[in-house]
Structures are given as C-alpha cells and as structure tokens.
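Look at TrEMBL and you will find 1-18 tagged as compositional bias 'Basic and acidic residues'. Annotated compositional bias 'Low complexity' per TrEMBL: 322-337, in sequence order. Feature annotation from TrEMBL assigns domain 'CSC1/OSCA1-like N-terminal transmembrane' to 37-185. Residues or ranges marked as domain 'CSC1/OSCA1-like cytosolic' by TrEMBL: 208-469. For 481-753, the entry in TrEMBL reads domain 'CSC1/OSCA1-like 7TM region'. According to TrEMBL, the domain '10TM putative phosphate transporter extracellular tail' annotation covers 908-1002. Positions annotated as region 'Disordered' by TrEMBL: 1-28, 303-354. According to TrEMBL, the transmembrane segment annotation covers 36-58, 117-136, 164-183, 486-512, 532-553, 574-602, 622-643, 671-691, 697-717, 738-759.
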Amino acid sequence: MDKIGDSDTRTGSARDGEDGGTLSKMNSPESASVESILSTLLPVLVYTSVCVLIFWILRRRIARVYAPRAHLRHYLPEERSSSPSKGWFDWVRPFLKEGDVYILNHSSLDAYLFLRYLKLLSFICFVGCCIAWPILMPIHATGGGGLKQLDSATIGNVTNPKRYLAHVAVAYVFFGFILFTVYRECIYYINLRHAYLLSPYYAKRLSSRTVLFQCVPDKYLDAHRLRKVFGDAVKHVWLVRDTSDLEHMVDERDETALRLEKAEIRLIRLANAARRKGMRSAPQQPWWSLPLRRNGETDQTTVVEVVPPAPLPPPDRRGTSEETTGSSPSISEASASTHITSPSAAPSDEDPEKYIGGLHSAVPDVNGSVAAQWVPASHRPGHRPLGNFLRRVDTIKWTRNRLKLLMPQIAKLRRKLHAGDEGRLLGSVFIEFQTQSDAQRAYQTLAHDRPMHMSPRFIGIRPDEVVWHSLRIGWFARMVRRVGMLALIIVAIIFWVFPAGLVGIASNITFLAETFTFLRWLNLLPAPITGVIQGFLPALALSLLMAIVPWLLRGCARVAGEPSLSEIELYVQNFYFAFQVIQVFLVTTMTSAASAALGAVIKDPTSIPDLLSENLPKASTFYLSYILIQCLAVGATGLLHLWDLIRHGVMTRFIQNPRAKWRIYKLTRPIHWGGWFPVFSNMGVIAISYACIAPVILGFASLGMYIIYIISKYNFLFVEDSSIDTRGLVYPRALKHLLFGVYLAQVCLIGLFALQAAIVPVVLMAGSLVFSLIFHISISEALSPLLANLPRTLALELEELMGGGEPEMPLPAFDIDPASIPLPPDEDEEEDDETVVHETTGARGLARSMGVEGSPSLAKLVRKWTWESYVRKVSEMLHEIGLGPVLDRIDAIMYPVYSPNPSAIMRFLHPNTFDSFAHLRKMIPDDLPDPTATYPEDYIFKAYYPPEMWTPTPRLWLPRDDAGVSTQEIEHCKRYGRIVASDEGAWLGEDGSITCEVDEAPFWEDRAVY
C-alpha cells in the first residue's frame, strides 16, 4: 500500500497546496468543454437557421398558421391583432416596436406577465454578468488550478480559499438584487392585477361575478337558503346535479349524428362517382335519361326511356314515414332551392316544373331514390351494431331512426333535471352575484362553521373551462385523492431519478470511457462525434424526457379534483417545477460530477471533498448545452409551428369531410401555462445557482431568455390562443420559484467553501441564507393576501380617480350614524357637579398639574426634540462642507415625488410610486365593448350547466353535388330523422374531392365572453 501511495501523484496534493493531484488536474489538458459546446452549438444553429428560413418564406403564404389571430372568425374584434405585412422585411420594425401592453389588451394578463417574466430573467442574468464577470472571471482564470478551456472560468480552478471572499461579496450584491427585484415585481403584479380585474371589461364578465362553492352540505343545496345566506346580492344560483345518464345519451346522439353525416357523404360520393362513370360511357345522353338502377341489377342494364308523368303536389308530411311507397311526390321547393343544377343537367326545352330541385319527376321521392339511380342497396353505407347482434343494417336508415328515438328522450330528461325531479344534487354550487364586489365579498367570507364545508371556493372560472367530473367529488374523497396523487407524484420523482441520472452520466462519457474498459472504444471516435455524444445528445434527451411530465401531471390534477383548466395549470406548475429542479438540476448535476470523479473515488476515497469541489463546477458545461437547446432549438420549433404546418398544409388536402376540415381550421391550441413557466423558472434557478460558481452561464441564459422573449412575443401577437386564463396567478408562483435558486446557490457555495475549509466565507454565506429566508417569509406574509384577492380600499380610490360617481366596488353602508351613538357613561362624570375645580396658573402650576403621571409623555417629548435637534445640526454641518446637494439627491431618491417620465432607476426602486394602481390602470382602455352584450338571452340555461344540459343536436354539413343527392338527403334527414342538414358552402368537385368554405359552415356561433 505504501508503494501505491508513493507512486500516486494525487496523494495529498490538494491538501498540501501542490499544483497537481486531482482528477481535474490530470485530465485538464484533455478537457472537452469547448468541443462539447461547439458540438451542441453547430447542429442547433443549423436547425434554428432552417426553421427560421422556412418561417420567413411560409409566413407570407400560410396566414392560418403564422397569423391566425389576425384572420380567424373565432376571435372577437377586440381580440384580433392587426394583420402583419406580407413583405419580406417591412413587418419586422413594426413588430419590434409594438409594446407588450398591446398583448395585455388583445390576448390575456397571463401572456403579458409571461413576456415580462422572460424579460425579468434576461435582465437578472444580464445584471449578474455586470456584477460577476469583472470580479470573478479574472479570479477564476488566475486561480492556479490548472484547468483548461471553459473549466478554467469556474470556481473549481481557484486553489486559494482566501479568494472566496470575492465570491461572498458578489453573492451578497447579486442575491440582494434578486430579492429586491422579486419584491418590486410582486408590488407591480399586485397593482397591475387589481387594475386589470377592476377594469369594466373584466369586472362585468359573468365569471368575475360568479363564485364556485364546493363541498356544500345537503342542508344548503337549496337556492332559497343560499339567497338567505348571501343576501339580495345573489342574482342566480346553479345547483349542480348528477347528469351521468343524460351525458351518455347526448354522447350517443352526437356519435350517431356524426355517423349519419359520414354515411351521407359516402353515399353522395359513391353516387356521383357512378354517375360520372355512366356519363363517360354514354356521353351523348343527358343524365336524366341514364338507366334507373334497381336492386339486383347489374351494369349491363338496358337503357329505357322514361316518360315523365305530370308532377304531383307535395305530400302531406304529417303522415309520411321512411317506409312510404306508392306514387312519387316531388321534393318540396324549399329544399330544392338549396340545389344548384348543372347547366348541362337537362335540356332547356323541357318543362322546368318536371325537374323540381333537379329531380326528374319519374324518380320516386322515397328514401335514397336519387342515389338509387346509380348505387344499389347492397352498396349503400352500412354497419353492424352490437345491439343488432352484428347483423348489417343500412347506416342512414338506422341512424335516422335512432336519432328520432333519442332526441325526445333527451328533451324529456332535461326538463326533469331542470325541474329537480331527476339527478341527485352534488356538493357544488355556482352563485352569480349582482356585482364583482358582491362576489368578492362572498369569496373572501368564511361561509360555513364546519371545516371543509363550502370550501374550497373559486372565483373567475369561465363556464367553458369547468371540469364537471371534479364537481362530483365529496370533501372526504377529495382529500384522499389529493393525498394519493401527492404520494404518486413523489414516487414518480424518485423513480424519474434513474433516467435523469443516466443523462447526467452520459454527459461525462469521456471520463467513463477512461474508467471502464468496455467503454474505451468511445475514445477512438473523432472529437466532434464525442462532443455531440456528451454535449448535444444528453441535453436533447433530457428535454424530451421532461416534455411528457406536464401531461402526466394534468391527469393527476384531474384525478385530484381540480375544478377548472386554470386550476389544473396552477397544480401542474408547482409539481412540474419540482420535477424540473430535482431531475434537470440536482440529479443531473450530482450524477455528472460524480461520474467525472468516479474513477478517482474508487482509487482514493479520501479525495472525495477535493474531487467534488473541483468537478461540481465543471458540470455547468452540460447546462450551457441545455440552455442552447431550450432557447434556440425549442424556440425555433415554436416559431416554425411544424405540427400546425402539417395539419393545414398537408392533412387538409386528404380529408374528405367538411366538418373535419372546419374543425382543423377552427382549432387553436391553448397555451398550457403550467408547462411553460417551470421550464424557464428552472433555467433561471440554474443560472442563479451557477452565478458565482461558473459565471459564463449567465451570459448564455441572458441571451437565450431574450431570444425566447422575441419568439413568444410574435406568437402571442399573431398565433397563440391564451384561452386558459389564470388571471395572472402563475406569475407570483414563478417569482417564488425563482427564489429557490437563491437558496440553492447559497447552499452550494456553503458546501463548496466547507469542502475547502474556508470558515469565514462559510459563516458569511450562512448569514446570507438566514437573511434570505427571513426576507422571503416576511414578504410572503405581507403580500400573500393581496396576490389573489381584491381589497376593499380600491373602491374609494376608483371613485376618486373617476372624479366621483358610483364605484364598481361600493363601500359598505351603515344604517346608523356613528356620530349619533352616545358614549358609554363614565363614573367620573357623575361626580362632576360635586367637584370643586381649582385652577393654577404659571409654569409652576403647569408642572404640578402634570405631576408624576405625565412623566412618560414628557420623556417622549424630550427624546423627539433631541433627535430632531441632532438631525438638524448634522444637516447644517453637511451643508456647510458642501454636501448639501448630495443630501438633497439622496432625499429625492428615498422619497420621490411622482413624475410622468421618471428615470429607469427611480421606477425600479419605487414601484409603489411609479407603478401604483392609479398609474397602471391607464394601461387598460375604458372603451372596450361591454362583454355582457355577447351573452345569449338564455345564458342562464347554458352558462354553468354541464354541456349535456344544453348542447343542441349537431347540424350535418354535406357537400352539394350535381346529381342532386345532397338535396334529397337534406330533405329526408329533416323529414325522417328530425335533424337539420345543409350543403351551403361545401361542394363535390368533378374529380370526387370535397371543397368547402369554412367561414360558411353551419356550426359557427358567436362566442360569448364569459
């Protein structure tokens, strides 16, 4: 053993202050940090350039993909963006000049705050560069550790513990700046959110005046009793009932209607294909003289000239059925008016009355008679329902009969549910109040005397984002589900360590190849390929690995009973951030550093402190690659919108269903804030944590965040749909998550200093950690009530800003004037008549009157007079020596007076003065339209009832054809199936393809701003 110790150059080297002896030292000449970064940067730059080039070319041609917010009918006028220019470059300058306030007023508060968060992260990292780079970069480069390339810019290259005091100083300044920045952003968020929610456009919305109470006791599941609890401010009450049976029936109705639509489209295409084939075989004959195909006839049927009889009057529809036979009445003129007859369909010298709607009068007006001229019954669309023992049925006839049976049953069950005769009451109630202030008062009031009753409660939930299944969960089941999902997520985080750890190990594959013999073949690969393996591929694998986590968490949130899509995103945000920090940062960092030092630890376990202190900073190289991929590659993918490009540019060309084309055209993917914020919060945590360890990462993060900001700004202006609205609640959570980076950085520095036995830096950083915790707790206690609630004092401020008038949130009225209430009797007053008052005058008399009881007041007076005299004397002395202007400047900075154009520093230091509620309120225009004008007259029967309670039967959209099949099928759907169909805006081409104008679809409905 002695020989081994003597021959090992690493033994005791780091402890004795020698130049060599660590794994980093031995491998520093072969450090691949630059190769790893370049191997990541080059493919990322190529991919990014290709994405930007495709975007630049196709942006001018495919507006549906790259500017839907400017063209889609789905958006209201106040939500649409101005259409960007079609030029190559003339759109760039207006886009960059457009302020983020435009997004606030045309998109959502969440979108505006997300852009502000990206700018905040970029700004923090930029300030970190200005603080850390001039001080720490020279110290790291001259640290004497012998590391090379980018590793020489880390704290692992510093061998003298005394130099760590510089890191402490930088940490104090930078972390203090972050704490103050988070504080002022909380103030800004509170004032902006209050101004936004109290604006007329938002305050008048139904969701702003409606509160959801869950776990309501059975005793209070009564509208009259709830009105007594909350008073006359209640406008409407929606009691949630169990509508499971109705939901199944409505689902079957919709599926049946869509099956009928597909069958009708297939029949129209089959009939027209056979008709075109017949016209090609006999082009000299008009289509109305082609053979009538009967059941069992083949293509060799002889053409028989049909002598058309005189037209018959329309039949009495009250007695018709799908089995009608006999004489052939003509199609009604109403349905015929919807058909366009081909100019060559019939001779001009024929009597037009014989061809009402393009139907020859010899063709009987029975089910499918027009299509039967070319399609035999055996070739009509069919299927095999389970209820019919898998025997084949005619799909069109079967679905019409089924719809005719289902629709009256659905209407009857709905009436019973509205009357309260069916469906058990669930423990959830929506209550609409007269004003937003009444709703806020109910939301902030403790409604029940028992725990977990009429709680939790939510405000601001729109009807279209309610998760109705969650409203059926009781309070005990909700508690069990939440605990179960929490346990499941913790287990998932633990087991997710293994794939994330493999990614971290792969980022140091060079060291593993030197340690393990079966991996030595990796050393034979060229340096660029090795750099790709340990730089690009692990970062890409980690990004893909974490991309599936939000979808798993959303499933957990639904099981846990979150009642709305916005609450689901808030749930995902918290746990996804935990996933990001633990897996992407902690596990990957530790496994990367441990794999780099694994061989030396096996040979010499006593060198663990030295190895961790030197290899932990080197793990930052992996995060440089990770930031490059997240900010450049992922950002470029978001700019390209590849999936939307495939859907609208490729898929729609092969879809032969007008409804499917309309659905693809109309569909806009909502932004899932719970999956967006944690990714960039984690990158902010990584940058802050490595700010003093490897300051180079701050520059990458600052530039990368700003690139993401530019891309996100374009998407929010022209592309993305921010329909999931958390009313800004994601922003304060993201700010709190950012503080975790400060704690993590302080703990890492304490650990690194302790490994090098630097006692003074350890004590100083421990004090910084304690101060950060105290600051965080104090700020949370002070600001938390304001983050989610609207204070009552804003009503008076609104009234003052509007110059009088009735505010949106009126102050509470008192029935009794407090001034008229008599004071309680005092015992001394009863003896006033018997008391002789002796007056004393002069200073001596005044001192006697004060007596001993006045000594505390006299002491306060003396202390105040002494302090004011001291301050006055010091101020006079400073003015005498020429420091008066400095004092005035300091006083102006500490106690500023509002000005409309303050400097950036003053605005940053005093958010309460320059970003107050009164000033941020000017960002929201007052001339926006009244949202209640978009509500239908029967909104109380639709708003907060489940969709199965009010959704109508789907309207069928068929393509119009020259053969007239669609005309008859539309009429027969209405006559026999009681279902409305239309062929307006869709038509069948000569080649059998279906073309449609999506703006003329019969499904469009004006959107209500709830």
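Cβ from N, Cα, C; glycine included.
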Checklist entry - Do any residues of this chain, six or more beyond the ends of the transmembrane segment (738-759), have a C-beta under 8 angstroms from a C-beta of it, and if so which? => result 121, 155, 161-162, 164, 167-168, 171, 175, 178-179, 182, 581, 585, 609-610, 612-613, 616-617, 681, 684-693, 765-766, 768-769, 772-773, 776
Item to check | Stretch-level contact, the transmembrane segment (622-643) and the transmembrane segment (117-136), CB cutoff 8 A, at least 3 pairs | outcome: no
Checklist outcome for this item: Per the Cβ filter (under 8 Å) with a sequence gap of at least 6 from its ends, the transmembrane segment (117-136) is approached by 155, 166-167, 169-170, 173-174, 177-178, 181, 185, 677, 680, 683-684, 687-688, 691-692, 695, 698-699, 701-703, 705-706, 708-709, 712, 731, 734, 738
Checklist outcome for this item: Within the same chain, the residues 6 or more beyond the ends of the transmembrane segment (532-553) and with Cβ under 8 Å of it are 32, 35-37, 39-40, 43-44, 489, 492, 496, 499-500, 503-504, 506-510, 522, 525, 571-572, 575-576, 579-580, 583-584, 588, 621-622, 625-626, 628-630, 633-634, 672, 674-675, 679
Next on the checklist: On the 0 to 100 pLDDT scale, where does the domain 'CSC1/OSCA1-like cytosolic' (208-469) sit on average?
Outcome noted: 74
